[in-house]
Amino acid sequence: MGLLILGLGNPGLEFSLTRHNVGFSLLDKIVSKNGLFLKRKKKYEYSELKMISGRVILVKPLTYMNLSGSLFPSIFSDFYMCIKNLLVVLDNVDLPLGKCRLKERGGVSTHNGLRSISSVLGSSNYSRLYIGVGSNLMRDIKSFVLSRFCKDEMDRLEKLYDFLSDELIDISEANFKNKVQKINSSNF
């Protein structure tokens, strides 16, 4: 089995290290931790790991998050993958900072990146990893997800990214349920 990990975020330095870009940040951690580098295609950057369980393709879209679906279906054919190989990594304001939720499939809720992907694929039958970015009821949601983390929050997230970078690269169909339990019970 192969795995295509799609980290959601917005391109550009102004969005770097914002709450909305935790998908990008996690993929950057996996890339650096494994001594890889990102290559550039027309609509995305990618890197590839070869694991015992199969290839792991890491993808960062060069489109804005709300247009993430525009990568499909061509990205599947570029890497000989299909929807069952897809794992989308994204932010979630309903989870506390440092908490994760790995799901085999689910709805699109209010996340525009998921909505875009599901609309193009005609299905929401793919895995996703939600990374909690906390919430601030005093600010509007758009301003909040586009805000940067403070130093204490970044320190916690770095520990989480380190943990997740080890856990995600060897996910397979055989161990998915165990990974769900381990990742979902973690808290950083």
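Every residue, even glycine, has its Cβ placed from backbone N, Cα and C.
What Swiss-Prot records for this protein:
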{"type": "SITE", "residues": "Asn10", "note": "site 'Discriminates between blocked and unblocked aminoacyl-tRNA'"}
{"type": "BINDING", "residues": "Phe15, Tyr64, Asn66, Asn112", "note": "tRNA binding site"}
{"type": "ACT_SITE", "residues": "His20", "note": "active site, proton acceptor"}
{"type": "SITE", "residues": "Asp91", "note": "site 'Stabilizes the basic form of H active site to accept a proton'"}
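Everything Swiss-Prot records as a feature, shown here on the structure.
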{"residue": "Asn10", "record": "site 'Discriminates between blocked and unblocked aminoacyl-tRNA'", "DSSP class": "coil"}
{"residue": "Phe15", "record": "tRNA binding site", "DSSP class": "helix"}
{"residue": "His20", "record": "active site, proton acceptor", "DSSP class": "helix"}
{"residue": "Tyr64", "record": "tRNA binding site", "DSSP class": "coil"}
{"residue": "Asp91", "record": "site 'Stabilizes the basic form of H active site to accept a proton'", "DSSP class": "strand"}
{"residue": "Asn112", "record": "tRNA binding site", "DSSP class": "helix"}
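Looking at Phe15 (tRNA binding site) and Asp91 (site 'Stabilizes the basic form of H active site to accept a proton'), their Cα atoms lie 13 Å from each other. The full span of the recorded tRNA binding residues, Phe15, Tyr64, Asn66, Asn112, taken as their largest Cα to Cα distance, is 16 Å.
A sphere of 10 angstroms centred on the C-beta of Asn10 (site 'Discriminates between blocked and unblocked aminoacyl-tRNA') encloses 23 other C-beta atoms. Separation of the C-alpha atoms of the residue listed as 'active site, proton acceptor' and Asn112 (tRNA binding site): 11 Å, rounded to the nearest whole number. Sequence-distant contacts of Asn112 (tRNA binding site), defined as residues of its own chain at least six apart whose C-beta falls under 8 angstroms from its C-beta, comprise Met65, Asn66. Cα spacing between Asn10 (site 'Discriminates between blocked and unblocked aminoacyl-tRNA') and Tyr64 (tRNA binding site): 5 Å, rounded to the nearest whole number. The number of other Cβ atoms within 10 Å of the Cβ belonging to Phe15 (tRNA binding site), over all protein chains shown, comes to 18.
By the criterion of other Cβ atoms within 10 Å of the residue's own Cβ, the least surrounded of the recorded positions Tyr64, Asn66, Asp91 is Asn66.
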